[in-house]
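Now, the feature entries from Swiss-Prot:
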BINDING   131, 135, 136, 137, 256  (6S)-5,6,7,8-tetrahydrofolate binding site
SITE      239  site 'Plays an important role in substrate specificity'
MOD_RES   240  N6-(pyridoxal phosphate)lysine
């Protein structure tokens, strides 16, 4: 190989692959790929990105510091990353039909933190959905910054319907007069009425923030009503149903708000943006603007309904009786099971999900009375209704086996794992 390097180690630095330079890390990555390829992923917050998104994230853009915003950077040499970030911003605005977008937050939690930094003061009252009802840590949960720096009031769900009771939300808002009301969550299977939330916010003079992280893909395709006509500010992750890289984003239609948001993201909360991730976000937004993405989201929702229906026939209780979205909560109490034990048994059988509290759960967060299931990742790899019927019955088999033997039913779990592996081999990843 011809080169001008005086030091041969530099030649290796620029040319040698990971497998040759760090076999320990390479082995870990390969093992994780095998796990993803051979198991069924039902964690509702996970998805599978396209090869193009993955390629964009693994580029030389990781080398570039770009503190600031396009056209207003603190470093030189940013003309090309400016172009990439501008593409991401314009595509995000088009995708969600809004006026302004900040694509720099490293995560959904960072996006939520930036909104609070921009629009609130420590000690202000905020109102968000409680964790046990389907909310998120960043919406005012005690262990999180949002629960420590602010006077956090939590709303829940109706004891009968297990859905949001907007009259109860209004009564709580009138009583506590929050500076900000947060709508959205991490385990809400039904459509959220953002217009009703805005009415309540206006009545008490509150800012309405919507966290659409879980349903951003549904909103992008019109499968769920958009919060943008109603919310003052909207946050989201860029993975989950949006099927992009792990990251966050903030959207608004208000110029005075985006100015505060931009200052809160940088220099308020973050330093240099991750330009390789922003490039991957731009690619994912471009994919989501195509007609294939709408077909994908429609299938995600259809598959979720199929899975919920099969589980109901197998004696599982689905919280709210079904789902309008990509996810469902399975109440395991009728089977006498705990969420942590069900999660472990399903993983032994090659099906990955997460234990999850259900509304009014009396179990501890690391135990729980339920599991949360979602269809985005399975749908991304090509599973349709017939495959999700099989998956529903496999879950039923594993849970019934666990009822018979609370320590795990090896015979059932090994049989299901073999069938899972055979199904996954028909829908391989990145071939």
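The backbone N, Cα and C atoms fix where each Cβ goes, glycine too.
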Give me the largest Cα to Cα distance among 131, 135, 136, 137, 256, the residues the record lists as binding (6S)-5,6,7,8-tetrahydrofolate, in Å as a whole number.
31
In whole Å, note down how far the CA of residue 239 (site 'Plays an important role in substrate specificity') lies from the CA of residue 131 ((6S)-5,6,7,8-tetrahydrofolate binding site).
21
Given the binding-site residues 131, 137, which one's Cβ is surrounded by the fewest other Cβ atoms within 10 Å?
137
Which residues in the same chain, at least 6 apart in sequence, have a Cβ under 8 Å from the Cβ of residue 256 ((6S)-5,6,7,8-tetrahydrofolate binding site)?
none
Once the DSSP letters are reduced so that anything not helix or strand counts as coil, what is residue 256 ((6S)-5,6,7,8-tetrahydrofolate binding site)?
helix
Proximal but sequence-remote residues of the same chain as residue 239 (site 'Plays an important role in substrate specificity') (Cβ under 8 Å, at least 6 apart):
45, 46, 47, 49, 245, 246, 247
Using a 10 Å cut-off on Cβ-Cβ distances across all protein chains shown, tell me which of the recorded positions (136, 240) has the largest neighbour count.
240
Please list, in sequence order, the residues in the chain of residue 135 ((6S)-5,6,7,8-tetrahydrofolate binding site) that are at least six apart in sequence and whose C-beta is under 8 Å away from its C-beta.
128, 129, 141, 154, 182, 185, 186
Residue 240 (N6-(pyridoxal phosphate)lysine) and residue 136 ((6S)-5,6,7,8-tetrahydrofolate binding site), compared by Cα position, are separated in whole Å by 15
